[in-house]
Amino acid sequence: MDPEETSVYLDYYYATSPNPDIRETHSHVPYTSVFLPVFYTAVFLTGVLGNLVLMGALHFKPGSRRLIDIFIINLAASDFIFLVTLPLWVDKEASLGLWRTGSFLCKGSSYMISVNMHCSVFLLTCMSVDRYLAIVCPVVSRKFRRTDCAYVVCASIWFISCLLGLPTLLSRELTLIDDKPYCAEKKATPLKLIWSLVALIFTFFVPLLSIVTCYCCIARKLCAHYQQSGKHNKKLKKSIKIIFIVVAAFLVSWLPFNTFKLLAIVSGLQQERYFPSAMLQLGMEVSGPLAFANSCVNPFIYYIFDSYIRRAIVHCLCPCLKNYDFGSSTETSDSHLTKALSTFIHAEDFTRRRKRSVSL
């Protein structure tokens, strides 16, 4: 198969290729011109408001700031940058794929989307590693889990994400077809296909494996603590549920789209086409909006399941409730988990040392 004939769009935003087959596939999806503008508008309004409130509540909250809050603020900023580009895509979907806002915004908006995708995945990975260190290795990780280290890590993530977005910036162009403008990707070359495959593996599937591994280790440690204590600790049981909810939300949001993208790249590298381009394109069109919606749901997830953030948001919106402490009975912050697991680990170490001394 000649890569020049590859018709499946390989970047993070799917339905903008000038290939006639793509336009035909896109036009046969009935919901795009009606449902997507409405859906993206709702995502834009709720996401912009939610992420602004989340950033403001954590940034201006008096007192000490949790280490995890630094990552959450950066994640909200990354989502916010993506969300401000959504009105451009609302206009594109409403105009049946036409791009009416010029070449600069064609390249710039696609670049910001790519930066957001990489930044979000890397930040989620760092948050998972941070929680792993805080819960599983609380004593050893004290010298690493510092505020200055968190800021350096976040700055590095932004820098790397901006570099990884450059291929998207260079491969995008405003193309005229039948005197109609389309924000499109250039023809796929063998080098681009290989780069897309390597980038997808190392910027999604490897971080995904890291996230799942970290949370599995955390869940194992929590279960061990629960069995060791022999108490029905509702806080720890709820913490395990939250861990799986976070992982499940990440998987539901991103795994379908990136799986179709992986199949598209592999199909483009094969001599024979094993997967129809129309099927892969349709899969990315259906799963793409689900992935993008993740940018607006994160503030609500944190508000519902993290009582620390819930209090910060309520105190930010209603300063009169500053002295009213609620939700403490369902606290699920990392500080609670760290204290509980630290006690458990110290008890385990003490038991081992005692057994060793007795045996000697």
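A Cβ is built for glycine as well, from the same backbone N, Cα and C atoms used for every other residue.
Here the structure is a predicted model, which means the values were calculated and not measured.
What Swiss-Prot lists as phosphoserine is Ser359.
Marked as topological domain 'Extracellular' by Swiss-Prot on the basis of sequence analysis: 1-33 (among others).
The topological domain 'Cytoplasmic' annotation in Swiss-Prot covers 55-69 (among others), and the record cites sequence analysis as its basis. Across the topological domain 'Cytoplasmic' (55-69), DSSP classifies residues as 8 helix, 0 strand, 7 coil.
Per Swiss-Prot, topological domain 'Extracellular' is recorded for 91-120 (among others). Long-range neighbours of the topological domain 'Extracellular' (91-120) within the same chain, counting only residues 6 or more positions beyond its ends whose Cβ lies under 8 Å from a Cβ of the stretch, are 11-13, 15-16, 23, 26-27, 32-33, 36-37, 40, 74-75, 78-79, 81-82, 84-85, 157-158, 160-162, 164-166, 168-169, 172-174, 180-183, 203, 294-295.
When Cβ-Cβ distances below 8 Å are used as the criterion, the topological domain 'Cytoplasmic' (142-149) is approached by residues 65, 67, 70, 130, 133-134 of the same chain, each at least six residues removed from its ends. The topological domain 'Cytoplasmic' feature in Swiss-Prot is assigned to 142-149 (among others); the stated evidence is sequence analysis.
Residue counts of the topological domain 'Extracellular' (171-192) by helix, strand and coil are 4 helix, 12 strand, 6 coil (DSSP-based). What Swiss-Prot lists as topological domain 'Extracellular' is 171-192 (among others).
The topological domain 'Cytoplasmic' annotation in Swiss-Prot covers 214-239 (among others), and the record cites sequence analysis as its basis.
What Swiss-Prot lists as topological domain 'Extracellular' is 261-284 (among others). Averaged across the topological domain 'Extracellular' (261-284), the predicted model reaches a pLDDT of 80.
Here Swiss-Prot flags 306-360 (among others) as topological domain 'Cytoplasmic', drawing on sequence analysis.
Per Swiss-Prot, the feature transmembrane segment maps to 34-54 (among others); the stated evidence is sequence analysis. Long-range contacts of the transmembrane segment (34-54) within the same chain, counting only residues at least 6 positions beyond its ends with a Cβ under 8 Å from a Cβ of the stretch, are 72-73, 76-77, 79-80, 83-84, 86-87, 89-90, 93-94, 289, 292-293, 295-296, 298-300, 302-303, 309, 313, 316-317.
Under the heading transmembrane segment, Swiss-Prot lists 70-90 (among others), citing sequence analysis as support. Within the same chain, residues 13, 36-37, 40-41, 43-44, 47-48, 51-52, 54-55, 58-59, 101, 105, 109, 112-113, 115-117, 119-120, 123-124, 126-127, 130, 147, 150-151, 154, 157-158, 292, 294-296, 298-299, 302, 309 sit at least 6 positions outside the transmembrane segment (70-90) and bring their C-beta atoms closer than 8 Å to a C-beta of that stretch.
Feature annotation from Swiss-Prot assigns transmembrane segment to 121-141 (among others); the stated evidence is sequence analysis.
Taken from Swiss-Prot, the feature transmembrane segment covers 150-170 (among others), and the record attributes it to sequence analysis.
Summarising the annotation, Swiss-Prot assigns transmembrane segment to 193-213 (among others) and lists sequence analysis as the type of evidence.
The list of residues near the transmembrane segment (240-260) in space but at least 6 beyond its ends in sequence, with Cβ under 8 angstroms from a Cβ of it, reads 121, 124, 200, 204-205, 208, 211-212, 215, 218-219, 222-223, 280, 283-284, 287-288, 290-291, 293-294, 297, 301, 305, 332. Feature annotation from Swiss-Prot assigns transmembrane segment to 240-260 (among others); the stated evidence is sequence analysis.
Annotation source Swiss-Prot lists transmembrane segment at 285-305 (among others), citing sequence analysis.
Outside the topological domain 'Cytoplasmic' (55-69) by six or more residues, the chain places 76-77, 80, 127, 130-131, 134, 145-147, 150, 308-309, 312-313, 315-317, 333-335 with a CB less than 8 A from a CB of the stretch.
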